[in-house]
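Colleague: According to Swiss-Prot, the Mn(2+) 1 binding site annotation covers Asp15, Asp329, His330. Among the features that Swiss-Prot reports, Mn(2+) 2 binding site is placed at Asp288, His293, His341.
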Amino acid sequence: MDVKRFKRVFLIVMDSVGIGEAPDAKAFGDQGAHTLGHIAERMNGLHMPNMAALGLSHIRPIQGIEKVDKPKAHYGIMQEISSGKDTMTGHWEIMGLHIREPFRVFPNGFPEELLNEIRELTGREILGNKVASGTEIIKELGDEHVKTGALIVYTSADSVLQIAAHEEVVPLEELYDICKKVRALTLDPKYMVGRIIARPFIGADGNWERTSNRHDYALKPFGRTVMNELKDAGFDSIAIGKISDIYDGEGVTESIRTISNDDGMEKLVRSMDQSFTGLSFINLVDFDAKYGHRRDPIGYGQALEQFDQQLADVVEKIGEEDVLIITADHGNDPVHHGTDHTREFVPLLVYTRGIKEGKDLGLRKTFADVGATIADNFQVEAPSIGTSFLHEL
């Protein structure tokens with residue numbers, strides 16, 4: 001049987017849009033989690049006609065989302081095999097890597113042992129050491145930082161260590177140097193931090209403003225991803241939103257920054273007017289950062305409905321030689337206890353122009369099936385995990 005190949009693959013990761021607890025959810029403290037289901041309940045039904053038309057309620061029934069007779073997309077559900085439930089783990093697995101050692105998160109701040117090592121390395125004291133919003137923590141500790149020169153260290157629900165400092169108190173070059181040293185320290189398996197972020201700010205007397213001189217010191221993926229294979233074979237690999245940061249630029253031919261989900265979707269639509277051969281890959285982070293961690297189911301629901309409206313433009317622009325894949329990287333149920341991600345299945349929707357009636361792609365045993373399918377499509381080396389579903393399209 002002839003396999004249809006596509007010139008362009010558009011991959012949308014709806015950050016944290018899980019679709020029900022994974023079989024191993026109990027091990028993560030996530031029994032009963034269902035990001036989409038619980039948001040729909042709190043919203044008294046989600047209004048997402050475009051996702052409904054693609055077949056979302058064929059994966060799992062979601063309140064308010066009609067189960068259409070003939071879905072316009074193929075649909076399935078994916079289970080993560082890697083041992084974490086964070087953004088990097090989910091995305092790296094999508095592109096073909098199996099993460100056996102999870103990145104660590106620090107909901108109660110960093111261990112004193114690490115803080116002492118940072119003090120020794122830098123000769124500076126430390127303020128904060130807690131989970132915080134970047135704008136809130138400089139509001140709270142900015143004055144003390146300026147007085148003492150101590151570093152403001154904080155984290156989030158993700159595997160990150162962020163260091164905020166006033167540009168006139170800790171010059172940029174010094175801050176970057178500190179972050180590089182901390183990056184080296186935190187490669188130790190007992191810390192295993194995904195990203196170190198320099199967060200410079202300016203201002204005076206409590207009126208602080210973060211500058212655009214932020215710098216991320218990520219981990220490079222420990223193996224080759226499908227994006228590396230595409231780039232090396234001469235295909236385009238366009239990263240929209242925080243995709244380039246997640247893979248530390250590996251396998252990226254063009255990086256497009258975004259400031260919000262709306263902005264990301266607009267930039268995705270614009271990228272569809274470009275002539276290219278390869279992958280256009282976007283992460284929509286607001287679902288996770290603005291609503292999931294903040295346990296705001298109504299805000300999350302409204303953001304999903306807004307995404308659905310913008311999705312109509314994407315679907316309309318899909319040409320004969322294009323394929324659109326929509327999925328997620330983990331869950332973040334905004335009615336679940338705590339503020340962390342949740343271990344869940346993720347939805348899979350695959351749309352091409354020629355589908356008369358979408359079929360069930362079944363349970364995919366790893367997120368890497370997406371990467372394997374993309375590799376198969378462009379006939380580059382397949383990842384060591386994952387099964388292509390290209391022939392089913």
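Cβ atoms here come from the backbone N, Cα and C positions, even for glycine.
It should be emphasised that the depicted structure is a prediction, and the values quoted were computed from it without experimental measurement.
Map the listed features onto the structure and describe their local environment.
Modeller: The 10 Å shell around the Cβ of Asp15 (Mn(2+) 1 binding site) contains 24 further Cβ atoms across the protein chains shown.
Cβ neighbour count for His341 (Mn(2+) 2 binding site) (all protein chains, 10 Å cutoff from its Cβ): 31.
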Colleague: Could you give the Cα-Cα distance between His330 (Mn(2+) 1 binding site) and His293 (Mn(2+) 2 binding site), in whole Å?
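Modeller: Their Cα atoms are separated by 13 Å.
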Colleague: Cβ within 8 Å of the Mn(2+) 2 site centroid (Asp288, His293, His341 excluded): which residues?
Modeller: Asp15, Ser16, Thr87, Ala157, Asp158, Ala289, Gly292, His330, Asn332, Thr339, Asp340
Colleague: With the cut-off set at 10 Å between Cβ atoms, which of these binding-site residues ends up with the most neighbours? Options: His293, His330.
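Modeller: For the binding-site residues His293, His330, the Cβ with the most other Cβ atoms within 10 Å is His330.
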Colleague: Which ones in the same chain are close to Asp329 (Mn(2+) 1 binding site), with CB under 8 Å and 6+ residues apart in sequence?
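Modeller: Within the chain, Asp329 (Mn(2+) 1 binding site) has Cβ neighbours under 8 Å at Val13, Asp15, Ser16, Thr87, Thr89, Gly90, His91, Ile94, Asn283, Val346, Phe367.
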Colleague: Check the DSSP secondary structure of Asp288 (Mn(2+) 2 binding site), expressed as helix, strand or coil.
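Modeller: Its secondary structure by DSSP: helix.
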